[in-house]
Amino acid sequence: MGLWGQSVPTASSARAGRYPGARTASGTRPWLLDPKILKFVVFIVAVLLPVRVDSATIPRQDEVPQQTVAPQQQRRSLKEEECPAGSHRSEYTGACNPCTEGVDYTIASNNLPSCLLCTVCKSGQTNKSSCTTTRDTVCQCEKGSFQDKNSPEMCRTCRTGCPRGMVKVSNCTPRSDIKCKNESAASSTGKTPAAEETVTTILGMLASPYHYLIIIVVLVIILAVVVVGFSCRKKFISYLKGICSGGGGGPERVHRVLFRRRSCPSRVPGAEDNARNETLSNRYLQPTQVSEQEIQGQELAELTGVTVELPEEPQRLLEQAEAEGCQRRRLLVPVNDADSADISTLLDASATLEEGHAKETIQDQLVGSEKLFYEEDEAGSATSCL
């Protein structure tokens, strides 16, 4: 009886009791509220989610190194294939472009985007070598200046000499100034010290253009002095010769008696020869005033030992006498019949001592002062008497 009082479960209710989520008598779902189940679900989600994220990022990490390795390999290949000296690598095409002669250059293999510009020499510098595609311009200081590490930007003028008590041991170069050393140290090393007056170098003397003008003026003055001195020397010699000949230097007081000595076969002249000899003697005894030009010519001839003759009547008569083969010799005889041995001995001694010029001068002086005269004897010899 009691069994009939209980309700029999139906089929629907039986199916509901088999599935989860079936409600209990109180109407709740006990498995959703269980904290153990919730923890388990959270743990599973927390573990599986990072694993999927890591698996998704692994291919991307593999791709990044591949992208970064490519530029490094490219740089390595470019370094191995550098452009040669005298060219550069184009940043657009990557090809090697040559530099321009005289404009830019490169001195070694490179991958520069452009060539280096050539250096332009500054003021005070000279171009030692021009710029090429593989070499820069080489500049150096002009002569008389230098450039060292203390003045790399400009050339400085070299010193022209050393201070007092020092001597120069090396000249100025484009890279250094003159070098000086103590005089005592230079003498101890065996080098001859320079004098104090010669400290100034030739370079310093020629630095000013006025020195050339001074040298030219000095040469002209020296040449003028030589010319004037040579001209005055001739006149001075002529004046001295006039004084020595007894004329007092004046041409109007200078008298010359020219005579010759000819050697011919001696013979006794006839009456006609005696008359001609007397005529010649009279002509020679007459003082002849000659011009200044003739006197100078005679004096110059006397200096050289040459007999000077007047190309007039005496010359013609002498030539005529020579054609007849006569011999005439003049002797100096005193006018007052004094002994002529002393005078003749003096004249012969002068001739013996090779002073023929002095002998002729003495004869001319004595004849001009009328202390002697020429006399011709019958044997054809002429005697000059005092």
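Just so it is clear, glycine is given a Cβ too, placed from its N, Cα and C backbone atoms.
Taken from Swiss-Prot, the feature signal peptide applies to 1-55, supported by experimental evidence.
The feature topological domain 'Extracellular' is assigned by Swiss-Prot to 56-211. On the 0 to 100 pLDDT scale, the topological domain 'Extracellular' (56-211) averages 77 in this prediction.
According to Swiss-Prot, the feature repeat 'TNFR-Cys 1' maps to 58-97.
Annotated compositional bias 'Polar residues' per Swiss-Prot: 64-75, in sequence order.
Take the CB of Cys96 (disulfide bond) and look out to 10 A: across all protein chains shown you find 17 other CB atoms. Under the DSSP three-state reduction, Cys96 (disulfide bond) is assigned to strand. The annotation disulfide bond is assigned in Swiss-Prot to Cys83-Cys96 (among others).
Under the heading disulfide bond, Swiss-Prot lists Cys99-Cys115 (among others), citing sequence analysis as support. The Cβ neighbour count for Cys99 (disulfide bond), using a 10 Å radius over every protein chain in view, is 24.
Residues or ranges marked as disulfide bond by Swiss-Prot: Cys118-Cys131 (among others). In sequence order, Glu101, Gly102, Val103, Tyr105, Cys118, Thr119, Thr137 constitute the residues six or more apart from Cys131 (disulfide bond) in its chain with CB-CB distances below 8 Å.
Just so you know, the Cβ of Cys121 (disulfide bond) picks up 14 other Cβ atoms within 10 Å once every protein chain is counted. The feature disulfide bond is assigned by Swiss-Prot to Cys121-Cys139 (among others).
DSSP assigns Asn127 (N-linked glycosylation site) to a strand segment in the three-state reduction. Of all Cβ atoms in the protein chains displayed, 13 besides its own lie within 10 Å of the Cβ of Asn127 (N-linked glycosylation site). The feature N-linked glycosylation site is assigned by Swiss-Prot to Asn127 (among others), with sequence analysis given as support.
Annotation source Swiss-Prot lists disulfide bond at Cys141-Cys155 (among others), citing sequence analysis. A coil conformation is recorded for Cys155 (disulfide bond) in the three-state DSSP classification, outside any helix or strand.
Cβ-based neighbour count (10 Å, all protein chains) for Cys172 (disulfide bond) stands at 21. Positions annotated as disulfide bond by Swiss-Prot, on the basis of sequence analysis: Cys158-Cys172 (among others).
Long-range neighbours of Cys180 (disulfide bond) (same chain, six or more residues apart, CB within less than 8 Å of its CB): Cys162, Pro163, Met166, Val167, Lys168, Val169. According to Swiss-Prot, the disulfide bond annotation covers Cys162-Cys180 (among others).
All protein chains considered, the CB of Asn182 (N-linked glycosylation site) has 14 other CB atoms within 10 Å. The N-linked glycosylation site annotation in Swiss-Prot covers Asn182 (among others) and is backed by sequence analysis.
For 212-232, the entry in Swiss-Prot reads transmembrane segment, with the evidence type sequence analysis.
The feature topological domain 'Cytoplasmic' is assigned by Swiss-Prot to 233-386.
Per Swiss-Prot, domain 'Death' is recorded for 340-366.
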Neighbour count (Cβ, 10 Å) for Cys115 (disulfide bond): 20
Packing count at Cys118 (disulfide bond) (other Cβ atoms within 10 Å of its Cβ): 19
For Cys83 (disulfide bond), the number of other Cβ atoms found within 10 Å of its own Cβ: 22
Cβ neighbours of Cys141 (disulfide bond) where a neighbour is any other Cβ within 10 Å: 24
Using Cα positions only, nearest of the recorded positions to Cys155 (disulfide bond) (Cys83, Cys99, Cys115, Cys172, Asn182): Cys172
